[in-house]
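Over in Swiss-Prot, the protein carries these features:
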COMPBIAS  325-335  compositional bias 'Polar residues'
COMPBIAS  348-414  compositional bias 'Polar residues'
COMPBIAS  415-425  compositional bias 'Low complexity'
DISULFID  Cys104-Cys182  disulfide bond
REGION    1-25  region 'Disordered'
REGION    322-470  region 'Disordered'
TOPO_DOM  1-33  topological domain 'Extracellular'
TOPO_DOM  55-65  topological domain 'Cytoplasmic'
TOPO_DOM  87-105  topological domain 'Extracellular'
TOPO_DOM  127-148  topological domain 'Cytoplasmic'
TOPO_DOM  170-194  topological domain 'Extracellular'
TOPO_DOM  216-257  topological domain 'Cytoplasmic'
TOPO_DOM  303-470  topological domain 'Cytoplasmic'
Amino acid sequence: MDTTMEADLGATGHRPRTELDDEDSYPQGGWDTVFLVALLLLGLPANGLMAWLAGSQARHGAGTRLALLLLSLALSDFLFLAAAAFQILEIRHGGHWPLGTAACRFYYFLWGVSYSSGLFLLAALSLDRCLLALCPHWYPGHRPVRLPLWVCAGVWVLATLFSVPWLVFPEAAVWWYDLVICLDFWDSEELSLRMLEVLGGFLPFLLLLVCHVLTQATACRTCHRQQQPAACRGFARVARTILSAYVVLRLPYQLAQLLYLAFLWDVYSGYLLWEALVYSDYLILLNSCLSPFLCLMASADLRTLLRSVLSSFAAALCEERPGSFTPTEPQTQLDSEGPTLPEPMAEAQSQMDPVAQPQVNPTLQPRSDPTAQPQLNPTAQPQSDPTAQPQLNLMAQPQSDSVAQPQADTNVQTPAPAASSVPSPCDEASPTPSSHPTPGALEDPATPPASEGESPSSTPPEAAPGAGPT
């Protein structure tokens, strides 16, 4: 605004704006910043959680009408609180706008879309409840099933179209010396656009107020005659809570808008009413912050869903703690390997039948030597190495059958039928002692074939899978 236009408007008693003429008289300060920051820190996560809960409920098909309403309302409140971040930035700079014209237009457009969508959505909800209360027999049968989806989509489209002027007219310009402010309308188009803003906001609010009063009066008159279903009572309780809070906290802003339009060209009254608009806008922010908590208090389904989500999250956190995890499987594998057994015996033992594993004597395993195992204790040899039991009995049949076979029958009862049921290792090793002229050479400890017969290298790879019963 140049000085010539300002002088002409000052001479006629009209001014383009009535907010501020001096940087020192800026009414908003530190307490406003603290209040707005507290609302943002409380309201943004709450509305985000409400949108996620309502989206999950609508995705699973539970309470679709209420879920779509709460999802749209939570998104509207979230955007309205996000637009307040620009207001905090402006307050911190003492009314100076440091972001330029593009950010100024985006700020007013975001504010207009979020404010109009919430207002139109609650007006449609109030009208729907009023028709349901006044025509309880006719309206439910004639209402389309997809009406909530159509209403929510139409509300967002209408709010976007209604906020298009805020993408065109706002501008960041020098107002007082080097003070740059973000103005929504200038003098030439302010009156017409202010009237559009007031009518576009006041008429839906008036429809909401009238329908809400009629619905509450009808509900009080018919509540003693008939009992509603639990789902209808829950939806009515949530809608009543939201609409009542909206009427109480947004009515001052609508009244301040009407008075501001009436005294638009009055300097002092316009300035006071501008301050009234600013602080009544804080009430709208408070309503957007409290709306998720009011919905949770009024809806039992949302409280149950929130408790289940929080309990699942707490259980996941407890599982991720280092002290709560005990690796049971690796400990079982370490115990089953047996540190005192040689490596080929451990492989053969892991492939045996679990029925024969508990019969191994753990006290005799550390003393068993693979090279001198037949001399230490021939009777305990089938227990320490069940895979080599058929070979010892076949190769040393003339000398050790009379001693080792009865003891193997009395001490070890289960491996005997297991060895007889798998004849493949015994049948393959049976021609070997018949080819040697001296079968007693196996009892000599200095002979290399005896040590090779018990050593890991003499065990064929194909004999390990057939060592135990399958």
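Every residue, even glycine, has its Cβ placed from backbone N, Cα and C.
A C-beta separation below 8 Å, combined with a sequence spacing of at least six in one chain, links Cys182 (disulfide bond) to Glu90, Trp97, Leu99, Cys104, Tyr107, Tyr108, Pro170, Glu171, Ala172. In the three-state DSSP assignment, the secondary structure recorded for Cys104 (disulfide bond) is helix. Under the three-state DSSP scheme, Cys182 (disulfide bond) falls in the strand class.
Sequence-distant contacts of the topological domain 'Cytoplasmic' (127-148) (same chain, six or more residues past either end, CB-CB distance under 8 Å): 64-65, 68-69, 207, 211-212, 214-215, 218-219, 222, 236, 239. Helix, strand and coil counts under DSSP for the topological domain 'Cytoplasmic' (127-148) come to 14 helix, 0 strand, 8 coil. Cβ neighbour count for Cys104 (disulfide bond): 23 (other Cβ atoms within 10 Å of its Cβ, all protein chains included).
Over the topological domain 'Cytoplasmic' (216-257) the predicted model carries a mean pLDDT of 72.
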